[in-house]
Amino acid sequence: MSLVKRSVAEFIGTFWLVLGGCGAAVLAAAFPNLGIGFAGVSLAFGLTLLTMAFAIGHISGCHINPAVSIGLWAAKRFPATELLPYIAAQVLGGIAGAGVLYLIAGGKAGFSLSGGFASNGYGLHSPGGYTLLACLVCEVVMTFMFLMIILGSTDRRAPKGFAPIAIGLSLTLIHLISIPVTNTSVNPARSTGPALFVGDWAIAELWLFWLAPIVGAALAGLFYHAFLDEPGEETEGTPASAQLRTEA
């Protein structure tokens, strides 16, 4: 599969992640009387990843997250030469998803970006008022565990066909844990899209939601490769290295 086609798949996947996950947060979380709340938003993010893993996993690997691509590279499962195209596609997809969400949300009288538009933040902009340090630790650890689950469930020794389920459920669990802390990022592209529309504080605090997920993902990739991989496991550049294996 050509790099262009795989990058297009990453764009579409990240678009859906932001529209579906952040859309649930913005449009449905606090809907009068019937709002889905934190649990519903958590499930929405997990479902967007689960559905896209089956839809594009065989095309691009369904990274739809710069931290995932970097973590796979650190684990020697993804070539460095393809990092920039993948990350660019993911960021653009996240921005496009946030743009469509903005158009939809703006169709309701009284809509305002002052509610945060599902942006990530710390301190005063943390949903629960958590400190910068707490938010940093949370994002690093959550992304580390996310990558450990991705790497383990896509390992050639793992049961075939179950990786998308494990990964989707892990993202749901991560959101259940960390929405009150940072509004949950673990994905720089997911954070960038909404932040560009909110501007101001969301842009000023965006650095954390690039730094922490990348650090957590890279540490997980290095750890898994050093301590849990077996000789003969996938190496950089092998065709299967980027894929979430979904075959039975």
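Using N, Cα and C of the backbone, Cβ positions are placed for all residues, glycine too.
Residues or ranges marked as transmembrane segment by Swiss-Prot: 11-31, 36-56, 87-107, 132-152, 161-181, 203-223. The feature site 'Involved in tetramerization or stability of the tetramer' is assigned by Swiss-Prot to C22. Look at Swiss-Prot and you will find F45, H175, T184, R190 tagged as site 'Selectivity filter'.
Feature map: annotations from Swiss-Prot on the structure.
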residue : record                                                          : CB count, 10 Å
C22     : site 'Involved in tetramerization or stability of the tetramer' : 27
F45     : site 'Selectivity filter'                                       : 27
H175    : site 'Selectivity filter'                                       : 23
T184    : site 'Selectivity filter'                                       : 29
R190    : site 'Selectivity filter'                                       : 33
The transmembrane segment (36-56) in contact with the transmembrane segment (132-152), cutoff 8 A, at least 3 CB pairs, sep 6+: no
Seg_contact(the transmembrane segment (132-152), the transmembrane segment (11-31)) with at least 3 CB pairs under 8 angstroms, min sep 6: no
Beyond the flanks of the transmembrane segment (87-107) by 6 or more, those residues with Cβ under 8 Å of it: 7-8, 10-19, 22-23, 26-27, 63-66, 69, 117, 187-194, 196-197
Secondary structure at T184 (site 'Selectivity filter'), reduced by DSSP to three states: coil
Pairwise CA distance, H175 (site 'Selectivity filter') versus R190 (site 'Selectivity filter'), rounded so that it is a whole Å: 13
